[in-house]
Ligand SMILES: Nc1ncnc2c1ncn2[C@@H]1O[C@H](COP(=O)(O)OP(=O)(O)O)[C@@H](O)[C@H]1O
């Protein structure tokens, strides 16, 4: 079944601005914002709590099952800090947000991350782990790597995604 509207995936290390960016794009386009982190918690799509990293151990199969119908129809903007376990066909655009490590460090510190989690997340960003994951999982043509250091960056990222969305919708109709 062909999607009626495109789906967008916004990925990147924690703190790069996924949720803020997604909320703004959702407001401007009417796409449904799907925050996987909250879903994992509220629908218990996990296999327990990881004390070391203070996070849930996500059950990827359960997440995909829970999203299947909605993503097949289309019209969603999905926010998650990992992107290699979703079916490739779900997404028409994959945005990878990137933030300079000193800025990211400050954001995660403000969020109250412990030293271990903070260092590992900043290292993940430096090593471009999510970027690599995105290029390994999706066609290069649909992956967009966007800087997310400043408010101006965010505005520009929202603007270009909204423009892309309108263009795709125009082609579908
Ligand atoms: N491009 C940006 N410029 C300035 N502040 C930003 C930017 N992106 C995110 N932030 C701020 O950083 C914090 C983390 O953003 P958030 O959207 O929660 O990130 P994520 O969902 O990727 O973890 C928030 O306080 C947000 O306002």
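Heads up, the Cβ atoms here are built off N, Cα and C, so glycines get one too.
As recorded in TrEMBL:
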type	residues	note
BINDING	15, 17, 18, 19, 20, 111	ATP binding site
REGION	35-58	region 'NMPbind'
REGION	110-120	region 'LID'
Inset, instruction - Quick one: among the binding-site residues 18, 111, which has the most Cβ atoms sitting within 10 Å of its own Cβ? - result: 18
Inset, instruction - Can you check how the pLDDT averages out over the region 'NMPbind' (35-58)? - result: 93
Inset, instruction - Tell me the Cβ neighbour count for residue 17 (ATP binding site), meaning other Cβ atoms within 10 Å of its Cβ, over all protein chains shown. - result: 23
Inset, instruction - Give the residue counts of the region 'NMPbind' (35-58) per reduced DSSP state, in the order helix, strand, coil. - result: 7 helix, 10 strand, 7 coil
Legend entry - Residues in the region 'LID' (110-120) grouped by DSSP into helix, strand and remaining coil: 7 helix, 0 strand, 4 coil
Legend entry - Near-site residues: ATP, ref 15, 17, 18, 19, 20, 111, CB cutoff 8 A to centroid: 14, 16, 21, 107
Legend entry - DSSP three-state assignment for residue 20 (ATP binding site): helix
Inset, instruction - Give the three-state DSSP assignment (helix, strand or coil) for residue 15 (ATP binding site). - result: coil
